[in-house]
């Protein structure tokens, strides 16, 4: 659904993003209590907004409102007649627009601080007591804007909370969206539900019915849809939703590129085709992919080769599909999620390319297809909930993500059948042990990498000189930041022993304890 379509069905809070690293969390927190929220850049012109929000939240940001090139909101938001909440930079923006001095504070406030609620009658602070909040600012408001009152303070922020209740404009200097603010979620609920009067109707049960009806209306009674599936949760949920909407008029294609997990193609065929009843074609193109990867060591080149080859294979197989009604395929299904949308529309704009994302965007232009993205408004946790409601198994719904380029970017250096086989078997053993230990659902993603270095070892009385496996496991809520998972040493010892003894060509196993940032989740 587009933002306009969603807002026509669900009450929506508009989050205007000034570039804070926490902006996406505002949207997540609101949805956690069933209020839909849409994030747009702070430069959004209200005249171009074709829907009316129930309220507006101004996010934090890394700028100073008094700087020459500082971003400022379209003042027309104050004419919408809806409640407004400014967070951190957002509070300073409200003060600045109201002709109040904002400048550099004598002391910075980064990290936890004690919030003192000074006006308990303020609806924003209903059921919010003196508590710990998360600060991240150096600038501060020097005077109280005309028509506003102080609602909260901290040791270093005399205007930690301000409000003009007649105009329903509120500002807070701290970040309620982060979990470090112990009562932040209550405050956001107060704003969205009690002040903005947004209905708490956003849930996956309602989404299913709404989205299926939208798909049927968009596709019509005759058109056919094609889409790629990988066996991952996103493509599987999107495919099942499409199957529920139009049945066999949806054609799923699974391409075996030779760098999938162990027995992946057979598993997908059984799970999606036989288990979920999805109209599925499985294509073995492993030789084609691996031949093109010969001699390639640069990770970006690997990604592009796999992406381009995928498009070629997909187009070729799509041409073989003959719709029962004799008409051409008109639509392409893509499992885009909301974090992808956020990355493209955030105030910072498209960030510097760290890695090329493997997707099927090139198919649209080449095949002249119309795009359907039924999951584009959803976060990962919402997709998982949706999957279970659609009858997809818990094991599949909670499966760890797997990159589009597959094991090709987990074999550092040249990708050969032999190297893929080593990495694949090590990964299988690692995941098997994680499942046996009951840790799989505690970990967001785990995998084994084959490093392009050799290490001396001893097996029996023989000297060995073989390769190194690096294990990686992370915990995260959104994959934008991540911490390494703290396995017990005994667990790592067991996994390392199995890999060295059961995987030919491996002499040493290491464990990656780098967080994101500075590292990315994948090694390539």
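Cβ atoms here come from the backbone N, Cα and C positions, even for glycine.
Listed in Swiss-Prot:
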{"type": "ACT_SITE", "residues": "88", "note": "active site, nucleophile"}
{"type": "ACT_SITE", "residues": "175", "note": "active site"}
{"type": "ACT_SITE", "residues": "177", "note": "active site"}
{"type": "BINDING", "residues": "230, 231, 232, 233, 234, 235, 236", "note": "ATP binding site"}
{"type": "BINDING", "residues": "303, 461, 516, 522", "note": "XMP binding site"}
{"type": "DOMAIN", "residues": "12-201", "note": "domain 'Glutamine amidotransferase type-1'"}
{"type": "DOMAIN", "residues": "202-399", "note": "domain 'GMPS ATP-PPase'"}
Original post:
Taking each of the recorded positions 88, 233 in turn and counting other Cβ atoms within 10 Å of its Cβ, which one has the fewest?
Top reply: 233
**OP:** For residue 175 (active site) and residue 236 (ATP binding site), determine the Cα separation and express it in whole Å.
**Re:** 35
Original post:
Max Cα-Cα distance in Å among 303, 461, 516, 522, the residues listed as binding XMP?
Top reply: 42
**OP:** Report the same-chain neighbours of residue 236 (ATP binding site): residues 6+ apart in sequence with Cβ closer than 8 Å to its Cβ, ordered by sequence.
**Re:** 229, 271, 272, 276, 387, 392, 396
Original post:
So which of the recorded positions is most packed in, judged by how many other Cβ atoms lie within 10 Å of its Cβ, out of 177, 234, 461, 522?
Top reply: 177
Original post:
Could you give the Cα-Cα distance between residue 177 (active site) and residue 231 (ATP binding site), in whole Å?
Top reply: 33
Original post:
What does DSSP say about residue 516 (XMP binding site): helix, strand or coil?
Top reply: strand
**OP:** Using DSSP with the three-state reduction, classify residue 231 (ATP binding site) as helix, strand or coil.
**Re:** coil
**OP:** Using the centroid of the Cβ atoms of 230, 231, 232, 233, 234, 235, 236 as reference, list every other same-chain residue with Cβ within 8 Å of it (recorded ATP site), in sequence order.
**Re:** 229, 237, 238, 335, 399
Subject >> Tertiary neighbours of residue 230 (ATP binding site) (same chain, Cβ under 8 Å, six or more apart) >> reply: 254, 268, 402, 404
